[in-house]
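J.: Have a look at this one before I ask anything.
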Amino acid sequence: MSLIEEFHQMNLDQRLLKAVFDLGWDKPTDVQQAVIPLMFERKSIVVQARTGSGKTAAFALPVLNFLLQEKQLQTRQTTAVLVLAPSKELCSQAYKNFRLLCKYASKNVSFIDVSQHHDVEILRPLLVENPDIVIGTPARILSHLRSGHITLANLKQLVIDEADLIFTFGYQTEIEEIRGFLPTTPLQIILMSATLDDTTKILRRCLVKGGDWVRVELPEEAFLPSDSQLTQYIISAEEEDKYTILIALVKLKLIRGKTLIFTNSVDRCFKLRLFLEEFGIRAALLNSELPVMSRCHAIDQFNRGIYDYLLATDECQTDEKAQSVPGSKRPRRRDGEYGVARGIDFQLVSNVINFDFPLTPALYVHRVGRTARADQMGTALSFVSQREQKLLSDVEALLNPAGAAVSNAASGASETKASSIFKPYQFRLSEVDGFRYRASDVVRRISRKVVREARLKEIKLELLNNERLKGYFEDHVPDLEALRHDKPLTRMSQPHLKDVPEYLIPQPLRALMPGASGTCRGRNRWKRENLNLGTMESEKKPAVKGKSNKRTLQAQHNQARKRKARDPLFSFGRKKKKTK
């Protein structure tokens, strides 16, 4: 089958083509060229494509095109498309994509995202109208199916985004129950994922007994963009050195552009945020304990460039890994439908920093996949400690099996060396020893109690913004734009830390730092002027013509007499008057 390389050759509705043109999409991506024609043929598809390859538009365009054609013959309003996603953030992203593509067809197609509300009764009036497209997590969809608010008797298409995460998020029971609400008539099913594993096979058997599936899969070497687009660095650093290296990279302007920083727990995120705030660096944080509207608003502001640093964690997979370790602590109660590393469309991200190395190769792929999207350049920087070398070896085996095998054979030991896909970041820690003392002092003062208080403070602030002011923000959009998620959680105890003295800057970088060179060129220094402390010049006032101030003249005359009287040369030799 020959691939179609232009949108206008895909027989799409003119309203959709106009919206695509407004979005600036010149040509369809590889996955769009393969998936869109197959969906027009009404075939069930399993799609594997790397992050940032345009999977959402690959199913959104044919779905909308199908609905616009059906509207011409449809006699009554029914729900024809169901879109499932494992997290609320992914549901919100899919909803925004449908809204953008329906820019010129909003009166013809209706859609709703049910994942943003926990109360089933709130959306009942909207669901009674049977919207064409219903988007939500399996748990939210099942709640409305049980209450009878959603009817799937006339469903034509079922789309599952990030299908391999459905069971990871614990939705196996919900999927099996949703299967009982699906119609018995032929149904087109589309499974989208960045990785295909046994989970997708189980999901296919759970949804459809038998039937033919078309598998669309990119080559294994395409898990991530090519080396010319994505540069992957590693830094060997132990726990006490990570903070020093990070603050040195940020303060010395070695990291530029929007940056995502990943850790393996929420507590680590808060500790890192408090650490950056002490050095005058403001960063937002994605926390599963916050309301979903606050999280989506923070992602939207980050995409629009309001702040440059966003801290995040992939808790679902991290907790699952931790529970498999004997003696691990029970995880805190949090939003089970939260997910950041997977599928979220972070726009124009220049850097991804793995402050904590991901626990699985799949997590590494999905974290690093947040950058170098849509032909943009990107950089991935991972801190690797001695005990994380095994995790690095697993990532190498996934991304470059041949390179990992050669590395193992050459080393002859259990420790795996970096293959060609990873470049060692040239960084001498000895040149930033000045940052080490500052960083160690700040980290020592950020105790568990400080982290806990910061978490409680942020939750209270975000709940206030989310609940009490929700209706106000709907009517006052400019005030919503002014709402920031990177406000400091604590007051800086040492404000001088935000400045970088010249002696802390390594000699090779002083020419690159503004005002940090050996000379004073390019730097406005205050120069002490020669002051004559023995004289004082009074401000001269313009004289008023034709008038004389007798009082002023008399005062000047008296001052002159007193000055002469104090002069010893003036009074020398004068005879004193005799007193009678």
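Along the chain as shown, residues are numbered 1 onward.
In case you wondered, yes, glycine gets a Cβ from its N, Cα and C as well.
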J.: Look up motif 'Q motif' in TrEMBL and report which of 5-33, 324-352, 469-497 it refers to.
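T.: Matching range for motif 'Q motif': 5-33.
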J.: Per-residue pLDDT averaged over the domain 'Helicase ATP-binding' (36-214) comes to what?
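T.: Looking only at the domain 'Helicase ATP-binding' (36-214), pLDDT averages out to 89.
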J.: Treating G and I as helix alongside H, and B as strand alongside E, what does DSSP give for the motif 'Q motif' (5-33) in helix, strand and coil?
T.: 16 helix, 0 strand, 13 coil
